[in-house]
Amino acid sequence: MGEINRRNFLKVSILGAAAAAVASASAVKGMVSPLVADAADIVAPITETSEFPYKVDAKYQRYNSLKNFFEKTFDPEANKTPIKFHYDDVSKITGKKDTGKDLPTLNAERLGIKGRPATHTETSILFHTQHLGAMLTQRHNETGWTGLDEALNAGAWAVEFDYSGFNATGGGPGSVIPLYPINPMTNEIANEPVMVPGLYNWDNIDVESVRQQGQQWKFESKEEASKIVKKATRLLGADLVGIAPYDERWTYSTWGRKIYKPCKMPNGRTKYLPWDLPKMLSGGGVEVFGHAKFEPDWEKYAGFKPKSVIVFVLEEDYEAIRTSPSVISSATVGKSYSNMAEVAYKIAVFLRKLGYYAAPCGNDTGISVPMAVQAGLGEAGRNGLLITQKFGPRHRIAKVYTDLELAPDKPRKFGVREFCRLCKKCADACPAQAISHEKDPKVLQPEDCEVAENPYTEKWHLDSNRCGSFWAYNGSPCSNCVAVCSWNKVETWNHDVARIATQIPLLQDAARKFDEWFGYNGPVNPDERLESGYVQNMVKDFWNNPESIKQ
């Protein structure tokens, strides 16, 4: 069949399948699967571009990491005035009930505060205290928030909290962790910890030893180096990997490390924390200790200037994410954060043993999403997350900076941006109404942004203060915007249907409905997800199914 005839045949086939979907979703699923991947490549081909695919205004300035929602928490100034949303009432924009506007008052009441909303710091520390298990959530007796669920969550986050340096919130340079020394002669563990480097360790002393011994590994080309590094990265635990050139635009303008102080815990042990937990639990209010600030000087803190960035993705569990906003969904996020540090550390050791400098990083040091876009791993979605072709937004990103010159990958476009314009499911599913309902992304101006957003780049507006306020109310991270995303599927043919739908006018209005016809996602409305019993049923399914659903 000629290419033109083949294209027309496949277009007609997919249109026919879509029309039949209204009558019989299950029949269509079987009919579409053999055709859809081929059709998608013709109707909506995947393309590569040599340039960064989104507009960046000449006024753009590098992002200050201490402005993000979680790092701002530890600025004492953020504890002086009530948390502020960019829009006080989004119902005027969306025409729907604003389910997030009362969260600051509800969070204040949870802290025993009456007569005013919670501050930014109070909001975030309320979340952290529940998330660490030091305070019960208000749903602690409900399915999805029980002691069993909380124990799984604690185990999943353990490496991130105990060995990574709590870099999920940001930070840099590198990470530090408090560890309790042990007397090897008596096996006694000290009550007072000492601060040591965490897994995001920038100690490159081994590199000079390798070079001085003449043992630096020489690659035949940048292309060979990239091939080898990608293979090693996958073996060491990454699910997806790409190479980005070092682009200073994405390096934070300020690095910061939370200041830890000793807090005496009820068990008699001293724990180093960036807020006064005993004071809070005794009703004395919320107190944070600020930041140590660092200029982003690579040579001073890591010993080198980066040339390349190895960006990798770790999949999150599909069944666990379906339970959002339960604690089970937090557990798979925590597992990925813990694994990010482990995998990044192993990649760094691999590079150092070859004689190349490396700086392993999680959310710290630089903005991960644009680097992942440059590395060809996906597109930026309406929800502000990287949408990959394989996992959608159901993943976490980490990176390793290096002075090894690698052949970079190119940004790829496979229909995400176009689909996000039409879909808006993540915005509808957000309990805090933190995600923009505007159809098109735009180059945000300062007046379009809340304090944690960086203006002068093309994207959809996100209000992290709203998002964080729901996390505090929920007592656990929320992944609704990931769970309902049409790209969050384990059968990738659905992704191809989404690509096609954006290109055929007859299908565009139905773009977000394909996966709903096929029974995915559950309710989009955040209240209905809980009140219908959907989340509770997904939690029961999670515990009752011994095997995880894999891509």
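Glycine is treated like the rest: Cβ placed from N, Cα and C.
Cys430 is the residue from Cys423, Cys430 that Swiss-Prot records in the [4Fe-4S] cluster 2 site together with Cys467, Cys478, Cys481. Residues Cys420, Cys423, Cys426 are recorded by Swiss-Prot as [4Fe-4S] cluster 1 binders, and the candidate that the same record lists for that site, out of Cys361, Cys485, is Cys485. A distance of 20 Å separates the Cα atom of Cys420 ([4Fe-4S] cluster 1 binding site) from that of Cys478 ([4Fe-4S] cluster 2 binding site). When the Cα of Cys485 ([4Fe-4S] cluster 1 binding site) is compared against those of the binding-site residues Cys430, Cys467, Cys478, the shortest separation belongs to Cys430. All protein chains considered, the CB of Cys481 ([4Fe-4S] cluster 2 binding site) has 26 other CB atoms within 10 Å. Using Cα positions, the member of the binding-site residues Cys467, Cys478, Cys481 nearest to Cys426 ([4Fe-4S] cluster 1 binding site) is identified as Cys481. For the domain '4Fe-4S ferredoxin-type 1' (411-440), the DSSP counts in helix, strand and coil order read 13 helix, 3 strand, 14 coil. Just so you know, the Cβ of Cys420 ([4Fe-4S] cluster 1 binding site) picks up 29 other Cβ atoms within 10 Å once every protein chain is counted. In this structure the C-alpha atoms belonging to Cys423 ([4Fe-4S] cluster 1 binding site) and Cys481 ([4Fe-4S] cluster 2 binding site) are separated by 12 Å.
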